[in-house]
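Listed features, source TrEMBL:
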- Cys262: active site, glycyl thioester intermediate (ACT_SITE)
- Cys437: active site, cysteine persulfide intermediate (ACT_SITE)
- Gly115, Asp136, Asn143, Asn144, Leu145, His146, Arg147, Lys160, Asp204, Asn205: ATP binding site (BINDING)
- Cys245, Cys248, Cys320, Cys323: Zn(2+) binding site (BINDING)
- 13-40: coiled coil (COILED)
- 375-477: domain 'Rhodanese' (DOMAIN)
Amino acid sequence: MGGGGGDGRSKELERLWAERDELDARIRLLESELETSSAAPASPAGEDAAAAGVGDGGCVGGGGACQARPGLAHADSLPADMIYRYSRHLLLPDFGVEGQRKLSRSSILVVGAGGLGSPVALYLAACGVGVLGIVDGDDVELNNLHRQIIHQEAYIGRSKVKSAADTCRAINSSIKVVEHHHTLKPNNALEVVRKYDIVVDATDNLPTRYMISDCCVLLNKPLISGAALGLEGQLTVYHHNGSPCYRCLFPNPPPVAACQRCSDSGVLGVVPGVIGCLQALEAIKVASDVGEPLSGRMLLFDALSARIRIVKIRGSSPACTICAENSVFTQEDFQKFDYETFTQSPMSDKTAPSLKLLPESARITCTEYKGLIDKGEPHVLLDVRPAHHFQIVSLSRSLNIPLSDLEEKLPMLETSMKETLDASAASDKQPSLYVVCRRGNDSQSAVQLLREKGFHSAKDIVGGLQSWAHDVDPDFPAY
Ligand SMILES: [Zn+2]
């Protein structure tokens, strides 16, 4: 826990919050016990009724809040509808009634209803967590559906949280599902996270990862953290049984270039599915106090070679600025902390960082470029995206030389420029050279390089193909 340091008041506040958490947990437990013990007189008793699903559903406030049947011998036994629904859990000697009971009294927050959050929420709902909270500020999009299996086409354009919560309720109406329709930010995270026993980080960006970890340390919550990108994934349980927090392992964020995102690098749909399932499993283990959670170890998954490795990771660091005993990081500090500046990357997947490397004279807009095409101006259009991007879609008559190969393949560009010059009626004038990429960042770097190498007419097409689709050709496929 981050202590208050010299600030006695913030320590006092943290102590009170911890006490409130403890009280909240006791209230939930007593409520569920009370409701369990107050038998419903009108309810039909007997195995057949339960087997037929008569007692199934309708109760909220946690699986433990279902009503018990009169005449059941054991005061500690689960309500009949729970026995039937979770019978395969109860048959497991290592899980059994006690595991199910603990799970049904626990509350778990899933941050992110995307590729990781989909299987996490689905399984936690199906398995009978008492309270399932889901946080996400985004809407469902068509390009989510290949991996975000909790959503359906009918929900495109609607809130992800609503979509996910509706699916969870359809699977298990006996649990409580809480919808948090916003992005988790430093100014609201403490208030939301405080209400839950366990947190699952199912987000996909670096600043949010730091923020959730710091928040969990301040509120003393175990954090089930997962990540999936491309064909690889990883997971671990932070801040639990002496395991480190995220900052213990990564006190400083990696350079911006090292941070990849699904929207840039791609991800095979089933990879976050695998990691999300494992996150759900770890969350259930922590909630029910069963087995050995993945604390102090990290699981690494390589889909291409079908290999799973588990590596030991260091314990919590005595030098950690957040979780070390002498930490002075308070809840107030947390609320003011600028995670985007700290990591140099945005919290939202939507806002790609846009560079501005060139003077205005070295750039033209998509609309201006369209005008030049219409006028028939002789030019070369160089597309500097990777070859596999170029295969997805490209503008007609563009030459593909990926940025990473540009320097060594300049002769190819020279040839193309010469051919254009020869084909044009206009004498000795160098043809124009325009450079495009997906979003208009790599194209600027390319223009810088080209101008250094003597291609003085090189100009960047602002905003790349994304702007082309937005401003010129709405039918141009976005990806
Ligand atoms: Zn730490």
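In case you wondered, yes, glycine gets a Cβ from its N, Cα and C as well.
TrEMBL annotations: computationally assigned, not manually curated.
Cys320, Cys323 are the recorded positions among Cys320, Cys323, Cys437 whose C-beta comes within less than 6 Å of an atom of ligand 1, given in sequence order. Counting only the Cα atoms, the space from Cys320 (Zn(2+) binding site) to Asp204 (ATP binding site) is about 23 angstrom. For Arg147 (ATP binding site), the nearest neighbour among the listed recorded positions (Cys245, Cys248, Cys323, Cys437), judged by C-alpha distance, is Cys437. Looking only at Cα atoms, Asn143 (ATP binding site) sits nearest to Cys437 among the recorded positions Cys245, Cys248, Cys323, Cys437. Rounded to a whole number, the distance between the Cα atoms of Asp204 (ATP binding site) and Cys323 (Zn(2+) binding site) is 23 Å. Take the recorded positions Cys245, Cys248, Cys320, Cys323, Cys437: by the count of other Cβ atoms within 10 Å of each Cβ, the lowest one is Cys320. In sequence order, Ser213, Val217, His239, Pro244, Tyr246, Arg247, Leu249, Ser316, Ser317, Thr321, Ile322, Ala324 are the same-chain residues whose CB sits within 8 A of the CB centroid of Cys245, Cys248, Cys320, Cys323, the residues recorded for Zn(2+) being left out. Arg147 (ATP binding site) falls outside any helix or strand according to DSSP and counts as coil. Take the CB of Asp204 (ATP binding site) and look out to 10 A: across all protein chains shown you find 23 other CB atoms. Here the domain 'Rhodanese' (375-477) has, by DSSP, the following mix of helix, strand and coil residues: 44 helix, 17 strand, 42 coil.
Neighbour counts of Cβ atoms within 10 Å were compared across the binding-site residues Gly115, Asn143, Leu145; the minimum falls on Asn143. Taking the C-alpha positions, the distance from Asp204 (ATP binding site) to Cys248 (Zn(2+) binding site) comes to 19 Å. Mapped onto three states, the DSSP output places Cys248 (Zn(2+) binding site) in helix.
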